[in-house]
Amino acid sequence: MSKRAYNFCAGPAALPEAVLKKAQAELLDWQGKGLSVMEMSHRSDEFVGIATKAEQDLRDLLSIPSDYKVLFLQGGASQQFAQIPLNLLPENGKADYIDTGIWSKKAIEEAGRYGRVNVAASAKAYDYFTIPGQNEWKLSADAAYVHYTPNETIGGLEFGWIPETGDVPLVADMSSTILSRPLDVSRFGLIYAGAQKNIGPSGLVVTIVREDLLGRARSICPTMLDYKVAADNGSMYNTPPTLAWYLAGLIFEWLKEQGGLEAMGAINQRKQQKLYDFIDASGLYTNPIAKNDRSWMNIPFRLADEKLDKPFLAGADARGLLNLKGHRSVGGMRASIYNAVDEAAVDALLAYMAEFEKEHG
Ligand code: PMP
């Protein structure tokens, strides 16, 4: 038997062992059909059944209202950076964007290729350690939409609140926070999330879009990127990433078995609280983010002396605590503690951090 390590990767991230085992058991012969999911036609009754159930389970988990479409798309969250303006930003229109870090900046840059972008607020003035309150935002009355990044995966900065944008559709990159706790989907025009954190393996991006926002794509929008085409074709205008979709479905089932998002939210609340409390009380580790704006899923931290980074990571690896190195653009450490990273993993990390501090603090 192999022993699975504790994996703190930001993405592709840890998947629940129970899901991997189920996929393994079904790999050669899916439910007695004599073939694997990878080998099925996406138009077969079997796969359409898998796809439909996955969508329904996601709808149940997030209580998605019936006037929203759920799309299982490709190209990752990065492709959504282009797909959103191509669908929602009229030729001479303007979109408001909120800059809270590296991922929002990427979204802003890409949208700028398609139209006017107003950066209505930026966390830059706070060194990206604090989210500017909405009273500081300069939203445009005529914006086609407002885009923000509820959780900045690299910076570890997360909104604990949903912006108020009146009739202007709110668009959110939920890649690294979706399914971490309950969410009021009705507050949003469009939500998107790359799968490889809380949804499943990479190769899939889920977009949840209010129906009235479909059918607005620019004439230059590629057919493959038109949300309406995807919606009208059940996300099967072309061959979808069937294996990733199936695995996402297994994750949604698993989340329901855990008690849904209320239960996950309670666990995730405890996990992050433990980690931040420990960091704040320690003399060796620090996290710079304003307390109200700290991410639940991605927790960056630094050691007092950079020279300790290498031995810290080596010791972690030796104990089966993997992928704690921070993003190359910011350095330091980062513990990503998505749904599949359980409390035992966080406890093991804390025990190691305490031991390392005793030795080197
Ligand atoms: N947005 C956020 C918040 C992310 O964390 C990531 C990936 N880490 C992306 C966008 C880009 O996702 P993808 O690699 O699926 O394009």
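Numbering starts at 1 and runs along the chain as displayed.
Heads up, the Cβ atoms here are built off N, Cα and C, so glycines get one too.
Copied over from TrEMBL, here are the features:
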- 6-349: domain 'Aminotransferase class V' (DOMAIN)
- Arg43: L-glutamate binding site (BINDING)
- Ala77, Ser78, Trp103, Thr153, Asp173, Gln196, Asn238, Thr239: pyridoxal 5'-phosphate binding site (BINDING)
- Lys197: N6-(pyridoxal phosphate)lysine (MOD_RES)
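Positions of the features from TrEMBL, shown on the structure.
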| residue | record | Cβ contacts under 8 Å, 6 or more apart |
| --- | --- | --- |
| Arg43 | L-glutamate binding site | Met236 |
| Ala77 | pyridoxal 5'-phosphate binding site | Trp103, Asp173, Ser175, Tyr192, Ala193, Gly194, Val205 |
| Ser78 | pyridoxal 5'-phosphate binding site | Lys106, Glu110, Gly194 |
| Thr153 | pyridoxal 5'-phosphate binding site | Ala10, Gly11, Trp103, Ser175, Ser176, Lys197, Ser295, Met297, Asn298, Ser336 |
| Gln196 | pyridoxal 5'-phosphate binding site | Gly11, Pro12, Ala13, Ser202 |
| Asn238 | pyridoxal 5'-phosphate binding site | Met224 |
| Thr239 | pyridoxal 5'-phosphate binding site | His42 |
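In the structure shown, across all protein chains, Lys197 is the one of the recorded positions Trp103, Asp173, Lys197 with the greatest number of other Cβ atoms within 10 Å.
Proximity to ligand 1 (Cβ under 6 Å from any of its atoms) holds for these recorded positions out of Ala77, Trp103, Lys197: Ala77, Trp103. In this structure, Trp103 (pyridoxal 5'-phosphate binding site) is part of a helix by DSSP.
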